[in-house]
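One structure is given below, represented as structure tokens, and several questions about it will come after.
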Amino acid sequence: MFKREQIETAAFRIGYITLVVMLLLPLVIIISTSITESSYLSFPPKEISLQWYQKFLESDQWLTAMKNSLITSTGTMLLSTTLGVLAALGVEGSRGKLSTYLVPLVLLPLLIPAVVTAVTLLTFYSKLGIQQSYLGIILAHSLWATPLVFFIMQSVFARFDWSLRDAGLDLGASRIRAFWEVVLPGVRNGIFASMLIAFIISLQEFIMALFLSGFDTRTVPVLAYISLREILDPLVSVVSTVMIGAAVIIVIGASLAIGLNQLSKNL
């Protein structure tokens, strides 16, 4: 019995260590290749240098791509969170057969291949005159982000005690005021987690951005793909390292703001 427990403990530790290595090894390689002195990607770096970080800060092309990614990610976060929260709130309020049929439909954008969605939207956007625009990319990314926000918030609303809202209504509060002063404080952690998910999805999305962006609206993943087609430039690793750092800061900020346990529950 004791030997069996030892074997199970050892197997668990091996699996845990293997998982950690699999997750961290790509990050270590990316960060290592960003501090090389070589003019191309090489691992391990022969000599350590920060010259590529300096070139990144001096590159208008990469800085513009970073700006574009922040614009589209922020826009996607705001739009998809608004739509997802309202849709989940509507489904929670209806509790009828209509909501039972509508919920599976929300999954459809996630089931359609991204390249099919991108080509379809490109054709549609060309008629509206919004191809290669920030708006087009934001709308496309929101097709993916909104369903995830919806399901997160549906779970959050299902755990909320709606009798508190009803008590507010009985005391004379309007529906808007009851939502703002009673419901919102109780679900704000879920909304914050949804915003985080939507932002990250848009920040790393590549396929639809490749089809729908133009020269002035290229996001970081698109420019990285174009750069790697021409040369294995360490600038790509620098940008990836910067984005990794930004993601870590966002997650740490979220965990400090609402608590890591609460964040994991909402996600």
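Count begins at 1; order follows the chain as displayed.
Cβ coordinates are placed from backbone N, Cα and C, and glycine is handled just like the others.
Annotations for this protein, taken from TrEMBL, read as follows:
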- 12-35: transmembrane segment (TRANSMEM)
- 66-254: domain 'ABC transmembrane type-1' (DOMAIN)
- 70-89: transmembrane segment (TRANSMEM)
- 101-122: transmembrane segment (TRANSMEM)
- 134-153: transmembrane segment (TRANSMEM)
- 191-215: transmembrane segment (TRANSMEM)
- 235-260: transmembrane segment (TRANSMEM)
Test of understanding: applying the rule of at least three C-beta pairs under 8 Å (pairs 6 or more apart in sequence), is the transmembrane segment (101-122) touching the transmembrane segment (191-215)?
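Yes; at least 3 Cβ pairs under 8 Å.
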Can you work out which residues elsewhere in the same chain, 6+ from the ends of the transmembrane segment (134-153), have a Cβ less than 8 Å from its Cβ atoms?
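For the transmembrane segment (134-153), the nonlocal Cβ contacts are 68, 71-73, 75-77, 79-81, 83-85, 87-89, 106-107, 109-110, 114, 117-118, 121, 125, 187, 190-191, 193-194, 197-198, 201-202, 205, 208-209, 212-213, 217, 219, 266-267.
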